[in-house]
Amino acid sequence: MIQEDMRVMAHEEIADHIFELKLQGQMVQQITEPGQFVHVRISGKTDAVAPLLRRPISICSADVKSRTLTLIYRSGGLRTGTELLTHTRTGDTVDVLGPLGHGFPVSEAPAPARALIIGGGVGVPPLYGLSQALAKRGIQVTHVLGFRSAKDVFYQTNFEELGKTFVMTEDGTYGRCGRVTDLLETVPFDIAYACGPTPMLRALEQTITDKPLFVSLEQRMACGIGACMACVTQTTDPNDAKGYRRVCCDGPVFKAREVEL
Amino acid sequence: MIQEDMRVMAHEEIADHIFELKLQGQMVQQITEPGQFVHVRISGKTDAVAPLLRRPISICSADVKSRTLTLIYRSGGLRTGTELLTHTRTGDTVDVLGPLGHGFPVSEAPAPARALIIGGGVGVPPLYGLSQALAKRGIQVTHVLGFRSAKDVFYQTNFEELGKTFVMTEDGTYGRCGRVTDLLETVPFDIAYACGPTPMLRALEQTITDKPLFVSLEQRMACGIGACMACVTQTTDPNDAKGYRRVCCDGPVFKAREVEL
Amino acid sequence: MIEVHLPGLDLKNPVMPASGCFAFGAEYGALYDLNELGAVTIKAATLQPRFGNSTPRVAETPSGMLNAIGLQNPGADQIIKNELPRLEKQKVPVLANIAGSEVDDYIATAKKISRHPAVNALELNISCPNVKHGGIQFGTVPEVAAELTYKVKAVSEKPVYVKLSPNVTDIVAMAKAVEAAGADGLSMINTLLGMRIDLHTQKPVLANLTGGLSGPAIKPVAIRMIYEVSQKVTIPIIGMGGIQNADDVIEFFLAGASAVAVGTANFVDPFVCPKIIKELPEKLNTMGVTDINELIGRSWKK
Amino acid sequence: MIEVHLPGLDLKNPVMPASGCFAFGAEYGALYDLNELGAVTIKAATLQPRFGNSTPRVAETPSGMLNAIGLQNPGADQIIKNELPRLEKQKVPVLANIAGSEVDDYIATAKKISRHPAVNALELNISCPNVKHGGIQFGTVPEVAAELTYKVKAVSEKPVYVKLSPNVTDIVAMAKAVEAAGADGLSMINTLLGMRIDLHTQKPVLANLTGGLSGPAIKPVAIRMIYEVSQKVTIPIIGMGGIQNADDVIEFFLAGASAVAVGTANFVDPFVCPKIIKELPEKLNTMGVTDINELIGRSWKK
Ligand SMILES: Cc1cc2nc3c(=O)[nH]c(=O)nc-3n(C[C@H](O)[C@H](O)[C@H](O)COP(=O)(O)OP(=O)(O)OC[C@H]3O[C@@H](n4cnc5c(N)ncnc54)[C@H](O)[C@@H]3O)c2cc1C
Ligand SMILES: Cc1cc2nc3c(=O)[nH]c(=O)nc-3n(C[C@H](O)[C@H](O)[C@H](O)COP(=O)(O)OP(=O)(O)OC[C@H]3O[C@@H](n4cnc5c(N)ncnc54)[C@H](O)[C@@H]3O)c2cc1C
Ligand SMILES: Cc1cc2nc3c(=O)[nH]c(=O)nc-3n(C[C@H](O)[C@H](O)[C@H](O)COP(=O)(O)O)c2cc1C
Ligand SMILES: Cc1cc2nc3c(=O)[nH]c(=O)nc-3n(C[C@H](O)[C@H](O)[C@H](O)COP(=O)(O)O)c2cc1C
Ligand code: FES
Ligand code: FES
């Protein structure tokens, strides 16, 4: 983990309020797993104090050769920190802490195997790097990506290059109408990975009980490195020695049903 | 007075930590006197709250035709609001309130006459617009400009185009060595105008007692328009009806000895 | 939909400038029509004219500012003569803030000011040192604040709002004490006591040494206090402390305020009050709220 | 030149992380050598393990943050077993923060923790609700805080610093009370009580409803309180509240602190403590100060 002023190589809006930010720096070499995240300081200049806290953003993908990582984030709009981030331009630097946390265990999939990747909204980004890693190992990957509406869809073609991709929207304005869980029965798989809103993850934990499932969680964070205890979540096992996990450093990826959602 | 997002037309460092910022907007049409100022919001984006208060900066000069005004300001360095302003680039907008206050009474100089303009440090900028206005009226203008050191000197040639210009530095690294007051006896004049550090203004008020002298004051401000009473200064006349003046709206330019320095 | 009705104050919208941040309305009145406002809170009136503290009187702090103006004002008589007639010509309700150094000062000021037809209600600034009690603020001892409230109520011709100081251990005790003493409403919060030291001079920046902290920095303290107090009193609360936009106004309503005042934000954006008033109905629409009064205290109501 | 000597704490520099913002040093210790620090303040130890509050436990505010972690910690015994041995191997002094719900909890925890060789001094967190007294915080009633201080002092094998809560009317009275009860030093300030309400859920953001406000937003309050207290007590003060850089450290010294703790800023910049320690001598040099101890209270000393 390092703190680095990373250089903005590209920054563009790829869907409604969704931005793709490419950053270059040494940090890329330290990334070990898809699903790790970085902690981004929005108020870079002159010791600015508002917004004060960093924002956790998943690493979408990384390229060691060009020392570049890609983030995809949603701007929360007026008066949010991420809105301020949208003003960053190519050539600027952004203060980034990372890579942080434990990502998706790619080796858990006994190759050759069929992996199912399920994403919702801004939970989709880390799954792209995951799918790349799985595909590289020769694993057959199927993607089920849920968005609210047509205007929110991003990265469909990127995923399609890696495997079969179902896009769904809640309001039916694009792809299939419905929720990602609606499709589960029709897709054969040996292992599943998911990232998205908590209700989605909860539904998946209830449905996928006979095969390995890994879920990536969100929690409000302060330090991002395990020191402040802001991001804890209880273990489902009441006899667990610690009784809790920190999403920032024990996660954000957990085995299904390891912690309370 | 209006509040306007003015467009940055040019922005460059013209001396050590001294920046020249050219802004375009409707506001320019409302400027009535040299020596008025604008109140600049440094934290323009997304309702940012730090730095919170606006910064008062004198209007250095203005061009009605191109709707452009020029500000010259000193960046206070790390952790100051003005440092943040230095990051503003051509094409950006800056939230400006103005024009504010009462400037130098140009008509007080019975033309033809000889005007003496005395400036110190970042007190120099508004005097440039003043000198332009006086020169336009055919008044002979002499400038005495004091800076700390060679690296702090700016706008010498601009002033030289308008009249005789003496540049002095405290440490003698450029121009004459000493303080602006040292030169007073050698320059003939009928009216004097000054802007600069309070000790300089105080010295001038003590020296120039037989001719009209106008001084421009600085005071910490909040509202900039007369409502908060942050910037008051006492009148020298204890029998004055109000007993005080607000630098932001009764000034910043006052007749010598009208208010306590 | 954004009308609110408080004792003495029938407001077509719940947004007013905070006392001391708007003088007597002349300056901002030159920028926009004061009748757009829910009300105008005027700067603290004292019995005698006051020049206030030496300068510097303000200092910037992270997301906030300190002020030590020192209650500069021309005194009750001059205010009645020069300022209130101008406000009387407007339709906007006036909340008149009054201050003093002794109980008698407050009483005399309240009598004079409350009688003026331009004034719809008084706001009692109790964050003032009580010279007769060794300079301890009226607003820090419940009994003292209650006595003052009681006596001012006795002479005031208009409803009385008591403006609470946040610099206390138990804000609920303060609120209950002044409610029991007859206050018609509460204003909260006044500024937090703070200081900034200049690294060059190595002395406090403010000539007065300490000053009152205001602005967004104090909003979480204001919200917490209003949340606590609104559950324990039945009189309405005018909320303030760091309000900058319609979202903030709604947060104050959810906490338990029935109207709001905007202080420091006027200095950042002189048009902030009319902007908020314009933004508010739009915001309520997106929230599906038809009457802002529904929101009062919703964060704690079942 | 930046060494300071306080009861139990011989510090090669006056900068330590604040309690609760550094856990037990393992995480930041993986980023840099803890021996660079003046001291380490560890997270509040309670007698029994505590899981703490539900999430969300943090919320951002203008130039600050709210936290309601709820004193999550593995309990005194586990801390002694698992955490202190690791710190014992380092040379850095340890200030051990302790908390409780009753006087007896504090006493038992103080006994255990103060006995450990890794611990150089105790820091008594008195911003905790006293369950035996209807949940009123120990830190808000001078007599209660004094009694607690007295009893902990009686059992502690190490000097005791009392960490004052800023949520009081009279901070000087609190400070004097605990000084009289035997405190060897003061830590100030703890967090201001605040709240933020979520406009979507219309409920408080924090599961615990209220939380402690920290960060730059509260610095003016911290400076003011240290300025007031340092003139009235003779014991040293560890200053904290919004410190981000060497300039802030100097401001705290000028106000009257003899050492400082850095809390929230660690979350913004995990290397902030070593950065400040590096920046400090340079800064003193430019100020012409040869010994940082000269600066203590200079803003009020003649
Ligand atoms: C491990 C992890 C990975 C994430 N990856 C992504 C990603 O790849 N793309 C993306 O768009 N979003 C991602 N998020 C969510 C993202 O962190 C929040 O949307 C963002 O912090 C909101 O900040 P804001 O400035 O828009 O909102 P503000 O309202 O300004 O935020 C205020 C505070 O609340 C916190 N906060 C608000 N919402 C969330 C949330 N949902 N999760 C955590 N903290 C929150 C902020 O961090 C900040 O401290 C991730 C979150 C976590 C924990
Ligand atoms: C009428 C007027 C005209 C001015 N014109 C110019 C100009 O043309 N060029 C120029 O460089 N400077 C000018 N100044 C001074 C300028 O306003 C300050 O240097 C500037 O506000 C400092 O801000 P900062 O962000 O660098 O410092 P910070 O330390 O970040 O400022 C903190 C706070 O203190 C206030 N403050 C600090 N120093 C001063 C000061 N000297 N005067 C007033 N407020 C201060 C700031 O406005 C801010 O509110 C003028 C001041 C006034 C009152
Ligand atoms: C410059 C200034 C002057 C003030 N003067 C008064 C006053 O005269 N009477 C009063 O009751 N409050 C006064 N206040 C407090 C405000 O009315 C308000 O309670 C406080 O500033 C919090 O609101 P804000 O954060 O929106 O500014 C003053 C505040 C400021 C900043
Ligand atoms: C996440 C968090 C946890 C804290 N936990 C404790 C604690 O366990 N014991 C304690 O005395 N203070 C605790 N504090 C208060 C800090 O030690 C410090 O007094 C306060 O945050 C002000 O300093 P800062 O503004 O630098 O953060 C905590 C603060 C934060 C932000
Ligand atoms: S964010 Fe601090 S422990 Fe996880
Ligand atoms: S700055 Fe507000 S009155 Fe002058």
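All positions are counted from 1 along the displayed chain.
Each Cβ is built from the backbone N, Cα and C atoms, and glycine gets one as well.
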According to TrEMBL, D:Ser19, D:Lys43, D:Ala44, D:Asn97, D:Asn125, D:Lys163, D:Gly215, D:Gly241, D:Gly242, D:Gly263, D:Thr264 bind FMN; so which of D:Ile69, D:Ile189, D:Ile292 is the extra one listed there?
D:Ile189
What remains of the recorded positions D:Ser19, D:Ala44, D:Gly70, D:Cys128, D:Gly241, D:Gly263 after requiring a CB under 6 angstroms from ligand 4 is D:Ser19, D:Ala44, D:Gly241, D:Gly263
Whole-number answer please: how many Å between the C-alpha atoms of D:Gly241 (FMN binding site) and D:Thr191 (substrate binding site)?
8
Could you check which of the binding-site residues D:Lys43, D:Ala68, D:Gly70 is the closest Cα neighbour of D:Ser19 (FMN binding site)?
D:Lys43
Of all C-alpha pairs drawn from the FMN-binding set D:Ser19, D:Lys43, D:Ala44, D:Asn97, D:Asn125, D:Lys163, D:Ile189, D:Gly215, D:Gly241, D:Gly242, D:Gly263, D:Thr264, the farthest apart lie at a distance in Å of 19
On the 0 to 100 pLDDT scale, where does the domain 'Dihydroorotate dehydrogenase catalytic' (D:1-284) sit on average?
96
For D:Thr191 (substrate binding site) and D:Ala44 (FMN binding site), determine the Cα separation and express it in whole Å.
14
Roughly how many Å lie between the Cα atoms of D:Lys43 (substrate binding site) and D:Asn125 (FMN binding site), rounded to a whole value?
10
Please report the Cα separation of D:Ala68 (substrate binding site) and D:Cys128 (active site, nucleophile) in Å, rounded to an integer.
12
Could you give the Cα-Cα distance between D:Gly70 (substrate binding site) and D:Gly263 (FMN binding site), in whole Å?
16
List the same-chain residues at least 6 positions away in sequence whose Cβ sits under 8 Å from the Cβ of D:Gly263 (FMN binding site), in sequence order, or say none.
D:Pro17, D:Ala18, D:Ser19, D:Gly20, D:Cys21, D:Ser214, D:Gly215, D:Met240, D:Gly241, D:Ile243
